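Here the structure comes first, spelled out in structure tokens, and everything after it is commentary.
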Amino acid sequence: MPGDEGAVAASASAASGPGGTEGQTTTPPLDAKINAADGRSYWQGIDADVNGMLGGFPYISKVDLQGSRNFLAKLGIGSKSGLRTVSRALEGGAGIGRITEGFLLDVAEQVDIVEPIAKFTAALQEKSGVGSIFNIGLEEWTPLDGTAYDLVWNQWCLGHLTDDQLVAYLRRCKAVVAPNDGLIIVKENLSTSGVDLFDDVDSSVTRVDDKFRALFEQAGLHLVKTELQHGFPKDLFPVRMYALK
């Protein structure tokens with residue numbers, strides 16, 4: 001789904017109430033509220049720039065990108081001496097390609113893009129190093145036959161997928177990631193309320209850490225490394241990075 005919206009203030013989302021009690025109809029799961037059309041309508045109205053992608057917090061971009069570079073370096077991937085670069089990467093929910101241009105093109109020969117909002121990717125069409133651009137949602141994306149990725153980066157976009165859609169998407173990623181040293185990265189906001197939170201502004205869910213880990217397990221993925229992003233303002237959601245195989 002539309003991506004890179006992560007700098008959302010922690011007060012921006014509201015938690016739904018607890019599940020139904022005895023004698024009442026069971027409350028539908030929170031992620032059932034996610035509506036792809038509503039989410040895309042929201043993002044169609046957002047400017048195709050860093051300020052738009054980061055929800056009015058463009059100044060965190062530098063810190064965010066450096067945190068991601070550092071995390072990848074600890075996994076052995078980077079442009080500096082002693083680190084390896086990769087042949088092909090995928091950015092899911094790429095928005096305007098802030099992450100692709102910010103560091104993925106430094107570590108990958110080619111980066112493919114999944115982003116349903118076509119106006120966001122227009123400037124990437126002729127960008128050197130950018131390969132296939134899929135203007136569809138993550139829940140609709142299917143890798144091309146014969147495709148193999150060394151790195152799949154998903155940041156501030158998975159909240160637009162229901163739990164079932166997220167598990168199915170991660171399984172598709174797993175099927176095309178290099179079996180030995182390929183990695184799937186997830187970098188997302190975390191709810192600290194003990195429950196997932198629904199944001200009706202952009203029709204997305206902010207999940208708790210335990211929910212992410214459970215969904216990764218359902219997708220058949222193994223957690224290799226995880227870290228919190230540091231250096232963000234305290235009034236924003238905490239952001240956690242997960243490296244998966």
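Placed from the backbone N, Cα and C atoms, the Cβ positions cover glycine too.
A TrEMBL annotation is a machine prediction, not a hand-curated record.
TrEMBL annotations:
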- 1-33: region 'Disordered' (REGION)
- 1-16: compositional bias 'Low complexity' (COMPBIAS)
- Gly93, Arg98, Gln155: S-adenosyl-L-methionine binding site (BINDING)
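Overlay of TrEMBL annotations on the structure.
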residue	record	DSSP (3 states)
Gly93	S-adenosyl-L-methionine binding site	coil
Arg98	S-adenosyl-L-methionine binding site	helix
Gln155	S-adenosyl-L-methionine binding site	strand
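Largest Cα-Cα distance over the residues recorded as binding S-adenosyl-L-methionine, namely Gly93, Arg98, Gln155, equals 11 Å. Gln155 (S-adenosyl-L-methionine binding site) has a Cβ environment of 25 other Cβ atoms inside 10 Å.
Among the binding-site residues Gly93, Arg98, the residue whose Cβ has the fewest other Cβ atoms within 10 Å is Arg98.
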